[in-house]
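Everything below concerns the one structure shown next.
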There are 2 protein chains.
Amino acid sequence: MDERAALALVGAELDAAGDDCAVLDGTVVSTDMLHETTDFPAGTTRYTAGWRAVGASLSDVAAMGASATAAVAVYAAPTFEGAELRDFLRGAREVCETVGGEYVGGDLDGHDEFTVATTALGATEDPVLRSGAEPGDALCVTGTLGRSAAALRLFGTDDERANDLFRFEPRVRAGVALAPHATAMLDSSDGLARSLHQLAEASGCGFAVEGDRVPVADAVEETADGADDAREMALHFGEDFELVFATPDPEAAAGASPTPVTRVGAVTESGVRLDGDPLPDRGYTH
Amino acid sequence: MDERAALALVGAELDAAGDDCAVLDGTVVSTDMLHETTDFPAGTTRYTAGWRAVGASLSDVAAMGASATAAVAVYAAPTFEGAELRDFLRGAREVCETVGGEYVGGDLDGHDEFTVATTALGATEDPVLRSGAEPGDALCVTGTLGRSAAALRLFGTDDERANDLFRFEPRVRAGVALAPHATAMLDSSDGLARSLHQLAEASGCGFAVEGDRVPVADAVEETADGADDAREMALHFGEDFELVFATPDPEAAAGASPTPVTRVGAVTESGVRLDGDPLPDRGYTH
């Protein structure tokens, strides 16, 4: 079976699983694994790898509207170089500090491919699930989309800029601020289009997106080959780790959030549509 | 640098790291990664893999004297087969139930080698570290040693028995019961010999082990090629996940523990010795 079917099987077997994090008595937990071949293009520094791997799990914490408490990682590599390991730890620590959490360590493992497994912990008494969106709610996103897609095109020609783009800020503070306003939320790690299909399925609703309202990262304009390509990068590529949420009061949500919030559409009864046309469930499968 | 030097670097960089778990405000966290080529011999079922991978992290929780709250895992494999995935989840869930914790889910990841990354969480207000052993304390272990070494010899000829031996019981209940009595504790995942060197370094002490007191698993007697080989399996192979601890009152500790406790020697001023001879720091490096 493919990964999505397998994830559905896991969700059916385990009560606590299913959203961006597992939830347990006020604690949320998310775990991820990233690999050199699929997640760290040539040119990615270990500093960026540590930041991004830990950041991906922190983004799941953010998507639950939880504060970040701690993160750990397993660093698996064929060899252990002191400088690389220090850079990795610095990235892991700094991304935690950015969101008010603590990087508390982890483990090392000999492995033929550079691989990082991360786990982040968060705290909330009232997690925001994917399942509460109601027709009539506004559909909003934080920040801009397409950063990671643009970064991938810059690796090899401008590694420094690509690394900068790859080190995203997990939206933990925004998630906490948005939690009282959001009826459903997730992060855009699979791309906006796929994220909306996931929200629609969990909430039993649809979405109408207005294409010209979707906030696109500056780097997309610079690296895209025309408008269609830019749209693909912003809507489908994913790995942006912005928050996608529904809210009955988008002004209040925007006012509460430390990260800019853009209303990109509305929750509808059914169907995921972009400017009236079906928006395909196509994106990044991790 | 080798893995031990790299681990020392991580420990020096991070205040919260260093023992079997990272410690953070009453919560302990441990994370591990296991791979098919190094950790799951041919014949290991996915049920056993799920049990053992999650159990390894739970054993670290036990070594801190903490109760187990939850565990998560990333299941990475080239393909996702429903039956294998269900078996894995069953093993992960059952090992958690065995120790009173909850398996709350995790993630899936496409990867060329079957790899499992696990994280376990525990709770304790007073974690038992590796650093408190005092000369004059008794040195004790739970259960028996050599199970995993014996299992490795049985894979290929008696897979069912090998799988049974591979599914160890993490000593979480024993760890909680022993915590008030133990001055220093860790688990024997690197083998008794190496564990004692680690305890000796952290506590600034030595150990005198009495060889004929070391409790050896029945399966070792059946699979060993003579007494020297049996001793190697029990003292050096490791991956047994028993608790190794120092205590001023071994009778009280044994009385409190739901798992049999054996006094195998004493804490000394310096040097790790077996029947008077140096016990080499040789064992399993994960």
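Every residue, even glycine, has its Cβ placed from backbone N, Cα and C.
Residues or ranges marked as Mg(2+) 3 binding site by TrEMBL: B:ASP20, B:ASP60, B:ASP187. Look at B:ASP20 (Mg(2+) 3 binding site): DSSP puts it in coil. In this view, B:ASP20 (Mg(2+) 3 binding site) is surrounded by 26 other Cβ atoms within 10 Å of its Cβ, with every protein chain counted.
Under 8 Å, Cβ to Cβ, and six or more positions away along its own chain, B:SER30 (Mg(2+) 4 binding site) finds B:ASP20, B:CYS21, B:ALA22, B:SER57, B:ASP60, B:VAL61, B:THR119, B:ALA120, B:GLY122. The DSSP secondary structure for B:SER30 (Mg(2+) 4 binding site) is strand. Residues or ranges marked as Mg(2+) 4 binding site in TrEMBL: B:ASP20, B:SER30, B:ASP60.
For the recorded site, B:ASP107 (Mg(2+) 1 binding site), the DSSP three-state label reads strand. Proximity of B:ASP107 (Mg(2+) 1 binding site) to non-local residues of its own chain (separation of 6 or more, Cβ distance below 8 Å) is seen for B:VAL74, B:TYR75, given in sequence order. The annotation Mg(2+) 1 binding site is assigned in TrEMBL to B:THR31, B:ASP32, B:ASP107.
The annotation Mg(2+) 2 binding site is assigned in TrEMBL to B:ASP32, B:ASP60.
Taken from TrEMBL, the feature substrate binding site applies to B:ASP39, B:GLU239, B:TYR284. Secondary structure at B:GLU239 (substrate binding site), taken from DSSP and collapsed to helix, strand or coil, is coil.
B:SER189 (ATP binding site) falls within neither a helix nor a strand when secondary structure is assigned with DSSP, and so counts as coil. Annotation comment: TrEMBL describes B:GLY106, B:ASP107, B:ARG130, B:SER189 as ATP binding site.
Among the features that TrEMBL reports, Mg(2+) 5 binding site is placed at B:ASP190.
Look at TrEMBL and you will find B:272-286 tagged as compositional bias 'Basic and acidic residues'. In the compositional bias 'Basic and acidic residues' (B:272-286), the DSSP tally of helix, strand and coil residues is 0 helix, 5 strand, 10 coil.
According to TrEMBL, the domain 'PurM-like N-terminal' annotation covers B:18-123.
As annotated by TrEMBL, domain 'PurM-like C-terminal' applies to B:134-271. Counting residue by residue with DSSP, the domain 'PurM-like C-terminal' (B:134-271) contains 62 helix, 28 strand, 48 coil.
Under 8 Å from some Cβ of the region 'Disordered' (B:250-286) lie the Cβ atoms of residues 2-4, 32, 133-143, 169, 171, 173-174, 177-178, 180-182, 189-197, 200, 203, 205-211, 213-215, 235-239, all in the same chain and six or more residues away from its ends. Per TrEMBL, the feature region 'Disordered' maps to B:250-286.
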**Message:** Between C-alpha atoms, which of these binding-site residues comes nearest to B:GLY106 (ATP binding site): B:ASP32, B:ASP39, B:ASP187, B:ASP190?
**Reply:** B:ASP32
**Close in space, distant in sequence - B:ASP187 (Mg(2+) 3 binding site), Cβ under 8 Å, 6 or more apart** = B:ASP20, B:SER59, B:ASP60, B:ALA62, B:ALA63, B:ARG171, B:SER195, B:PHE241, B:GLU242, B:LEU243, B:VAL244
**Prompt:** Across all chains shown, how many C-beta atoms besides its own are within 10 angstroms of the C-beta of B:GLU239 (substrate binding site)?
**Reply:** 24
**Fill in**
Should one count Cβ atoms within 10 Å of each candidate's Cβ, the binding-site residues B:ASP60, B:ASP190 would be headed by B:ASP60
**Complete:** Given the Mg(2+) 4 site B:ASP20, B:SER30, B:ASP60, its other Cβ neighbours within 8 Å of the Cβ centroid, in chain order, are B:ASP19, B:CYS21, B:VAL28, B:ASP32, B:SER57, B:SER59, B:VAL61, B:ALA62, B:ALA63, B:MET64, B:ALA120, B:ASP187
**Request:** Using a 10 angstroms cut-off on Cβ to Cβ distances, just flag whichever of B:THR31, B:SER189 is the loneliest among these binding-site residues.
**Result:** B:SER189
**Prompt:** So among the binding-site residues B:ASP32, B:ASP39, who's got the most Cβ atoms within 10 Å?
**Reply:** B:ASP32
**Request:** Measure from the Cβ of B:ARG130 (ATP binding site) and count the other Cβ atoms within 10 Å, all protein chains considered.
**Result:** 23
